[in-house]
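Q: Heads up, here are the entries from TrEMBL:
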type	residues	note
BINDING	13, 14, 15, 21, 22, 149, 150, 151, 189, 197, 198, 199, 200, 201	ATP binding site
MOTIF	14-22	motif ''HIGH' region'
BINDING	137	L-tryptophan binding site
MOTIF	197-201	motif ''KMSKS' region'
Ligand code: AQP
């Protein structure tokens, strides 16, 4: 018998068009992991209700996330690709874990505080308990590795706490999940104006989306924040310049990156040239994903088939975990 494959779980909220941060923080690793691991990837439609409760937009957004994952190279025959709301077991585990999550620790989460600042009129309990639902998403499959961007690091620490509390109180059931980026630091792509991270719903003019046209990409990169250049050799890069280099490293050749690194270090860099090169490399990178995603997102019959297939497999795993959780908690009366 071969060694059992490790279980991987990760999700993306259906709140709009995916962007470079989603791609390099999450999807790129999904694709790299699909051969070696037992992967559960899902569209987090329940999570989207905390900030985007528009019923008319939901179906299109869910289809879009599925299509963009598949267009990026995810193979629904190799991974279990599903929609969160198709798995009611997640909601039951969420309820159980809520009994182990404390108001104080939830209120301290920086992403919660950010959302409160952005939407002071909609501070709902779903927003507060986002890390609990996220933990249920992972623990329902007894997931171990979680490919995510840096912004999710703290949520995962909470997932480990909830897993530990459950195990201590009721008996061992859950491994403690860890963030995963093939041994490298987790990725954070800042927005091009230097204000916060690239995001589906904030900073839209300074975020590069997987459906941006070549011209839109050129325009956005042209407007990216820079300055008059380094004043001394081998200076430290300001964060918005470091971000441009981070992005360049993801889509340009190593020679190109080295050329501009050298130019930065000897103070000869012209940011206009760097942006032009970056824009062309970025457009070439996004183009095939955009074109494929457009075709897939309108193929409702195909996407419905994928969703059904994924839901069936994900429910099997979820139901098995929930049976164990109920037994350990004493919820087995018949
Ligand atoms: N800027 C980013 N850099 C690196 N990784 C990122 N991720 C998101 N933004 C960046 C990663 O993408 C995955 C899916 O994120 P999500 O949609 O579930 O969560 P989110 O934080 O709500 O994403 P957005 O894009 O910022 O959406 P909105 O604007 O709707 O809130 C996660 O692995 C995340 O780390």
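Cβ coordinates are placed from backbone N, Cα and C, and glycine is handled just like the others.
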Q: Are there any residues in the same chain, six or more apart in sequence, whose C-beta is under 8 angstroms from the C-beta of residue 15 (ATP binding site), and if so which?
A: 48, 51, 52, 61, 200, 201
Q: Counting across all protein chains present, how many other Cβ atoms fall within 10 Å of the Cβ of residue 137 (L-tryptophan binding site)?
A: 27
Q: Using a 10 Å cut-off, grab the number of neighbouring Cβ atoms around the Cβ of residue 198 (ATP binding site), all chains included.
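A: Around the Cβ of residue 198 (ATP binding site), 26 other Cβ atoms lie within 10 Å.
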Q: Reported in the order helix, strand, coil, what are the DSSP residue counts of the motif ''KMSKS' region' (197-201)?
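A: The breakdown for the motif ''KMSKS' region' (197-201) reads 0 helix, 1 strand, 4 coil.
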Q: Rounded to the nearest Å, what's the C-alpha distance separating residue 137 (L-tryptophan binding site) and residue 13 (ATP binding site)? Just drop the number here, would you?
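A: Spelling it out, the Cα of residue 137 (L-tryptophan binding site) and the Cα of residue 13 (ATP binding site) are 12 Å apart.
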Q: Using DSSP, how many residues of the motif ''HIGH' region' (14-22) fall into helix, strand and coil, respectively?
A: 3 helix, 1 strand, 5 coil
Q: Give the sequence-ordered list of residues that share a chain with residue 22 (ATP binding site), lie 6 or more positions from it, and have CB atoms under 8 Å from its CB.
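A: In sequence order, the residues whose Cβ lies under 8 Å from that of residue 22 (ATP binding site) (at least 6 apart) are 12, 149, 200, 210.
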Q: Check the DSSP secondary structure of residue 13 (ATP binding site), expressed as helix, strand or coil.
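A: Note: residue 13 (ATP binding site) is in a strand by DSSP.
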